[in-house]
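Trainee: The structure's right below; bear with me while I get my questions together.
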Amino acid sequence: MSYIDTYTEKNFIDPREDNTLFQWIFSKGTNYSCYNEYLSTLKDEDLINNRIDVIRTIIYSIHTPLQFTFFYWTLLLFILHKFNFKKPVMKIVLIHFILRSTGDVLDKLGNLWSYYFANQYKEIKNGDDTIYLWEGCQYRSFQTEMHPMKWFVTRQLGVLFWFTGEIAADWYPLVRTRAVARDQKSIRLVYWACGIFNITKITIIVYHWCFSPAKLYDKNGVYNKELVNEFYVYYWIIHLLIIYASVFYDVAVFHVLKKCVFKTVKVKSGFLKKFQTISEYRIFISAGINIIFLPIVSVTIVLKLIYYYYKGYHNLNFSFDEIRQSIANVQYFMIFIDQILLLRSKKEATKNMSINALAKLNGNYFNNKSSSNSIFQYNSAKSNLLNYNPDESQNDLLKSYNSNHHDFEKFSLHSVNNDNNYNGGNFNMNNNDDYNDKSLSFSYNSNKTLGNYDNYYTGKIRIQ
């Protein structure tokens, strides 16, 4: 990156010549005299400030990923999933973060090209003729469209990364729906809706690439504002189509889930509880916000078209980009909220399963006829296990319990008699800690052998 005071005449372009695209992109202006005029107004302090601006912009661009809207959400999700990028959801979130933050970096780097030296003309209407009077020089590129390199970096490359990242995240509802909906015929609607949604975003990427940086200035070396205004008319029409496609996508997902999931999930609770416990209900939020703001954006675009084509008002600022970004980002916030609530629900479900799966025994005995799984509970306050009476031929079931390490040694039980009730036989535990509501569980198999298993789902002795 060269400093502004080191440009030569070779860095400038004559718009009346047949210049290549690369010549336009790397040009510093259309009038070398305007550049010299600008240099004559600079003091040594101004030159130093310009160099500081370059260094500051580079540093800020490096820092930009940390300012990304979803950076800390992404980091939190990585930690909760223990950086396991083999999961499809983690791949989606990672790609989304890398691509969109790269787009933000490119947008910040666009500040390196803050000057473009060109002619300025005043347009005067004389009947059917238009007369252009030279007004002076243009020094700064106040808008992105006023510098070919800035347009290429921030709007062509930047938009490519932004929307590609969005497309990656747009697959999340499809992945979630496919995971819970088994009706393949119904899920085809979601595939179609997702495809249409992706195509609208690919369209806006291609649309930016079709607008060449060489079109930003006319043959007189003047900023082509009329052509740029026309570009943004269709730009907003495409964005309107994107929002409509987003609503269609949400409706398609909800339709499939309602058909395949909601009918089988009966939760007698309010919407808030369902929102917290059932992933699919969170789609309501994204779809609801889209539907609420869709009329506002639609009316805005229609008014812009009316004033542009019928009234000839080409400079009206109908930009609602903040609303557009808010609408677009809601569905991406839902990804992180959904994953966090899913992990929370999974943790609670695991806890409840470990408690409910252990059949509570009344008294100090159990009958192995009633279940293929035998449950032994201990009361930590008394520091002993519930009693049972094994055969004389049985081996010692429990060898020792280490209170410092909370670990049971492996054990096995042989020759279990299915016709016996097991009573008595204390298992004393040497434990100084207070274990309330703890439970010890194991199961025997058809071969009448109590086995040691790897997790509590199959019978491992586990402290809850």
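Glycine too: its Cβ is placed from the backbone N, Cα and C atoms.
A TrEMBL annotation is a machine prediction, not a hand-curated record.
Annotation source TrEMBL lists transmembrane segment at 58-80, 189-209, 233-257, 283-307, 327-343.
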Trainee: Below 8 angstroms Cβ to Cβ, which residues of this chain, lying six or more residues outside the transmembrane segment (58-80), approach it?
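Mentor: Sequence-remote neighbours of the transmembrane segment (58-80) are 1, 90, 93-94, 96-97, 100-101, 104-105, 108-109, 111-112, 329, 332-333, 336, 339-340, 343.
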Trainee: Could you give the residue numbers and ranges of same-chain residues that sit at least 6 residues beyond the transmembrane segment (283-307) on either side and whose C-beta is under 8 angstroms from one of its C-beta atoms?
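Mentor: For the transmembrane segment (283-307), the nonlocal Cβ contacts are 173, 233, 236-237, 239-240, 243-244, 246-247, 250-251, 253-254, 257, 271, 275, 313, 316, 318, 320, 323-324, 326-327, 330-331, 334.
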Trainee: So which residues does the transmembrane segment (189-209) touch in its own chain, when a touch means Cβ under 8 Å and the partner is 6 or more beyond its ends?
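Mentor: Long-range Cβ neighbours of the transmembrane segment (189-209): 155-156, 159-160, 163-164, 166-167, 170-171, 173-174, 177-178, 234-235, 238-239, 241-242, 245-246, 248-249, 251-253, 255-256.
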Trainee: Could you pull out which residues elsewhere in the chain have a CB under 8 Å from any CB of the transmembrane segment (327-343), counting only those six or more residues past its ends?
Mentor: 69-70, 73-74, 76-77, 80-81, 89, 92-93, 96, 166, 169-170, 172-173, 176, 242-243, 246, 250, 276-277, 279, 282-283, 285-286, 289-290, 293, 297
